[in-house]
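> What follows is a single structure, and I will ask about it in a moment.
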């Protein structure tokens with residue numbers, strides 16, 4: 001079998017949610033956008049619901065369909081993108097709650113789905129989504145008359161606890177919402193870890209659930225094992241892969257494994273170098289990562305196993321991300337469709 005195995009530990013996912021929830025004195029929701037950060041939103045959502053999550057967030061209305069089918073009619077599912085043109089039927093049929101981002105969305109929602117639950121997203125300084133303070137003040141009374149279920153905003157720099165932007169956005173959010181008897185939410189994973197001043201009524205962790213930074217105590221949720229297709233011997237001076245970027249300095253043994261950038265194993269991982277693991281033994285990935293293949297120096301192994309591990313407790317999502325000068329979010333959500341996904345609980 002030449003398919004790589006992506007092992008997803010749903011117990012670790014649930015423990016991460018419970019441990020984050022224990023840091024708050026408010027409700028803890030769960031963000032399962034981008035198909036559950038690449039791990040399949042239905043499976044992830046069910047595990048988180050069993051752990052205790054009662055509210056979930058997705059990016060766009062279409063993502064809510066599979067999640068609602070998996071969760072059934074009870075839990076809340078909110079949509080960050082709000083109420084886009086053509087969304088009314090999806091929002092109604094799948095009981096999705098849009099986080100309205102603008103006056104246009106507000107008018108669209110009130111006209112097409114009167115009485116349907118909604119929240120409002122406010123821009124506290126990130127300048128990405130949400131109503132700015134002046135726009136909010138102009139329509140606030142209209143919105144409040146329709147009974148929003150949540151007022152929310154999003155932090156730009158919460159992964160940097162000492163960044164002044166955090167306090168600035170907190171101040172702005174308080175000024176925009178103070179005195180209103182509506183549940184509020186500001187914190188994702190990073191904001192939750194900043195402390196209870198940022199928690200309000202609901203926290204909505206995402207990446208921390210899946211084992212990623214900035215939640216340093218997160219349990220790893222994913223393991224990736226890639227099958228060995230072929231092993232060959234090289235003499236000193238022979239090269240490996242495109243561009244001859246790696247040249248053997250000694251008698252070497254090279255394993256070619258069945259994964260590549262088409263599977264989300266980016267060429268950029270080679271900027272700082274990554275390892276493939278045979279049990280606990282690291283073996284350097286050498287040469288360029290190509291679309292479907294990766295080459296590994298297994299010279300020092302007594303025996304080459306049928307699979308080598310690229311993601312595990314040692315080489316985590318964030319270790320891979322750092323090697324490519326990116327973030328764990330990008331690594332997780334890039335994991336391709338060719339993997340055989342298995343789930344343990």
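The backbone N, Cα and C atoms fix where each Cβ goes, and this holds for glycine too.
Dumping what Swiss-Prot says about this protein:
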MOD_RES   33  N6-(pyridoxal phosphate)lysine
ACT_SITE  33  active site, proton acceptor
BINDING   128, 291  substrate binding site
ACT_SITE  242  active site, proton acceptor
> Might you list, by sequence position, any residue in that chain lying six or more from residue 291 (substrate binding site) with a Cβ less than 8 Å away from its Cβ?
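For residue 291 (substrate binding site), the qualifying residues are 260, 261, 262.
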> Could you find out if DSSP has residue 242 (active site, proton acceptor) as helix, strand or coil?
helix
> Whole-number answer please: how many Å between the C-alpha atoms of residue 128 (substrate binding site) and residue 242 (active site, proton acceptor)?
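Pair distance, Cα basis, whole Å: 40 Å.
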> For a quick check of packing: other C-beta atoms within 10 Å of the C-beta of residue 33 (N6-(pyridoxal phosphate)lysine), how many?
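Residue 33 (N6-(pyridoxal phosphate)lysine) is surrounded by 20 other Cβ atoms within 10 Å.
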> Enumerate same-chain residues with a sequence separation of six or more from residue 242 (active site, proton acceptor) and a Cβ-Cβ distance below 8 A; give 'none' if the list is empty.
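For residue 242 (active site, proton acceptor), the qualifying residues are 287, 288, 290.
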> Within 10 Å of the Cβ of residue 128 (substrate binding site), how many other Cβ atoms can be counted across all chains shown?
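Neighbour count, Cβ to Cβ under the 10 Å cut-off: 10.
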